[in-house]
Amino acid sequence: MAKINTQYSHPSRTHLKVKTSDRDLNRAENGLSRAHSSSEETSSVLQPGIAMETRGLADSGQGSFTGQGIARLSRLIFLLRRWAARHVHHQDQGPDSFPDRFRGAELKEVSSQESNAQANVGSQEPADRGRSAWPLAKCNTNTSNNTEEEKKTKKKDAIVVDPSSNLYYRWLTAIALPVFYNWYLLICRACFDELQSEYLMLWLVLDYSADVLYVLDVLVRARTGFLEQGLMVSDTNRLWQHYKTTTQFKLDVLSLVPTDLAYLKVGTNYPEVRFNRLLKFSRLFEFFDRTETRTNYPNMFRIGNLVLYILIIIHWNACIYFAISKFIGFGTDSWVYPNISIPEHGRLSRKYIYSLYWSTLTLTTIGETPPPVKDEEYLFVVVDFLVGVLIFATIVGNVGSMISNMNASRAEFQAKIDSIKQYMQFRKVTKDLETRVIRWFDYLWANKKTVDEKEVLKSLPDKLKAEIAINVHLDTLKKVRIFQDCEAGLLVELVLKLRPTVFSPGDYICKKGDIGKEMYIINEGKLAVVADDGVTQFVVLSDGSYFGEISILNIKGSKSGNRRTANIRSIGYSDLFCLSKDDLMEALTEYPEAKKALEEKGRQILMKDNLIDEELARAGADPKDLEEKVEQLGSSLDTLQTRFARLLAEYNATQMKMKQRLSQLESQVKGGGDKPLADGEVPGDATKTEDKQQ
């Protein structure tokens with residue numbers, strides 16, 4: 001047992017009684033328990049001490065204390081005093097001090113460690129033993145922490161389905177199958193009794209499997225996230241509340257009503273009691289919409305989707321026709337289904353195929369069907385004709401629009417070719433050149449290079465345009481040496497300015513001595529560096545090669561200036577990316593440091609190839625650039641125009657005053673009066689006034 005150090009002892013403790021009765025000990029323990037119950041916080045330091053001291057006192061017997069018992073009792077009183085001081089301190093400080101709300105986790109941990117260290121001075125061993133003796137205290141101390149951890153764990157474990165993810169689309173595929181199953185087979189089973197009775201076990205298994213998927217779909221919908229101000233909401237309570245406010249929630253609940261219980265009364269040969277399962281049709285439409293968005297052939301999918309809708313309508317109409325025939329009586333007249341007592345018409349397959357044939361003829365208004373006889377038959381045929389007209393109009397309209405959309409790009413491209421042909425015929429272009437033009441258009445169409453990228457991307461925001469350009473062109477631009485270490489912002493600016501260009505076989509991209517206004521990056525194709533005769537090839541450039549980057553930088557001291565130093569010719573059809581000098585300089589205006597770095601890289605490349613005159617470079621380094629001079633001239637011209645406009649206005653004002661003065665003098669001479677005209681008075685007004693007075 002550890003001893004109490006003298007620095008923690010108190011002089012009054014030397015007057016403790018040597019003999020202490022059991023009543024006194026019980027009174028002390030009861031007082032401690034009352035103090036513990038009245039305190040608002042868990043005294044983790046006091047409880048181990050009480051446990052150890054009371055155990056030691058009980059073991060020491062009912063007689064007088066030994067020296068060890070006195071030490072234990074002293075330690076107990078010391079713990080009581082320290083606990084009381086801490087309790088008073090916490091009451092003075094307040095239960096929720098303002099700085100603790102903003103104190104970080106590290107500061108809180110440090111403060112708690114300091115308080116625990118002060119509480120555990122000289123009593124580390126009893127505290128360790130007390131933890132095992134007081135498991136309830138440990139539980140009380142960590143209650144709040146455990147609750148917070150459980151909440152965090154629940155938040156982490158909460159599964160939220162992203163409606164744009166592949167997992168959600170797969171689930172849509174899974175739930176669309178039972179919905180389509182119910183829409184196609186429920187009506188068929190309800191109208192054709194043999195189909196329901198002969199395969200009853202199969203239908204029961206499929207029906208309740210579909211019900212299980214329906215229930216799971218409700219859970220998925222309750223955990224499906226939605227966007228709020230562009231952010232995905234993942235709070236499960238908000239998701240559930242949002243789902244409950246939708247109309248689909250009511251339809252989902254109605255589709256899960258256990259109407260199958262009616263089987264107990266009417267029997268299992270009435271599957272129409274499950275017609276409430278048809279209310280989940282929105283899942284099927286959602287699956288079709290998302291598939292149309294994901295597929296690479298949306299027009300073909302729309303046509304297939306339209307055909308599927310028409311087939312379902314024809315199928316339902318056929319089943320209803322057979323049900324009406326059964327209600328009226330098979331074979332009672334020429335309009336209803338023939339008598340099923342005839343073996344040929346009693347087969348299930350013949351019943352369905354005959355009904356489907358009649359429905360197709362009626363809805364498409366093709367061919368002749370037996371005329372109706374009874375009033376209900378007339379009403380049904382009238383409704384069928386109206387539905388058939390609607391179907392015909394839908395087919396014509398949708399198929400026509402789909403075909404026009406599919407051929408829109410082809411028609412637009414063909415219109416361009418026709419206009420070019422008419423122009424060449426009007427200008428009497430040679431057949432050879434006309435053939436080259438037509439072949440160039442054929443190459444563009446065959447390689448799908450007819451799309452105008454700017455026209456396609458103009459509806460997108462600048463951020464998405466930049467991301468698409470980075471995804472398409474950034475790797476290509478990084479191949480150029482001078483752009484490899486550039487800032488990311490400059491590269492983004494440059495990729496937005498790259499323009500695709502196509503050259504025909506034999507076309508010159510540049511000739512020796514031409515002024516360099518663009519640089520080129522080969523995306524696809526082969527170019528040849530040829531001699532002046534255009535035949536001798538020095539080197540062949542392939543995909544990924546680039547040229548012309550030095551000539552668009554205007555590097556001072558370059559022996560060739562900004563002129564081309566070689567002849568480059570296209571061997572076949574070549575697809576290049578072009579970056580003009582104006583676009584580069586426009587992008588570099590916001591990145592002056594990058595401009596200096598690019599010029600330095602270009603200068604090093606020229607020095608390596610011995611294509612730079614250092615004296616000329618040093619001599620041309622002091623004067624300002626030509627662009628700066630042009631800007632200064634432009635600003636000076638604006639100033640001169642402003643001054644000239646001001647002088648012109650002053651001249652006009654002076655002229656107006658002179659004219660007014662001359663008019664006054666003229667009126668005075670003619671009228672003989674000495675009174676001058678007032679400002680703004682028209683000559684002759686004074687004379688008119690005098691005449692009126694006379």
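Backbone N, Cα and C atoms are what each Cβ position is placed from, and that goes for glycine too.
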One of ASP507, ASP609, ASP613 listed by Swiss-Prot as binding 3',5'-cyclic GMP at the site of GLY548, GLU549, SER551, ARG564, THR565:
ASP609
Annotation match for N-linked glycosylation site in Swiss-Prot, from ASN339, ASN407:
ASN339
Positions on the same chain near the transmembrane segment (199-219), where near means CB under 8 A and six or more residues out:
171, 174-175, 177-178, 181-182, 185, 189, 252, 255-256, 260, 268, 271, 274, 277, 280, 283
List the same-chain residues at least 6 positions away in sequence whose Cβ sits under 8 Å from the Cβ of GLY548 (3',5'-cyclic GMP binding site), in sequence order, or say none.
CYS510, GLY516, GLU518, MET519, TYR520, ARG564
Maximum Cα-Cα separation in Å among residues GLY548, GLU549, SER551, ARG564, THR565, ASP609, which the record lists as binding 3',5'-cyclic GMP:
15
Counting every protein chain present, what is the number of Cβ atoms, excluding its own, within 10 Å of the Cβ of GLU549 (3',5'-cyclic GMP binding site)?
21
In which DSSP state, out of helix, strand and coil, do we find SER551 (3',5'-cyclic GMP binding site)?
coil
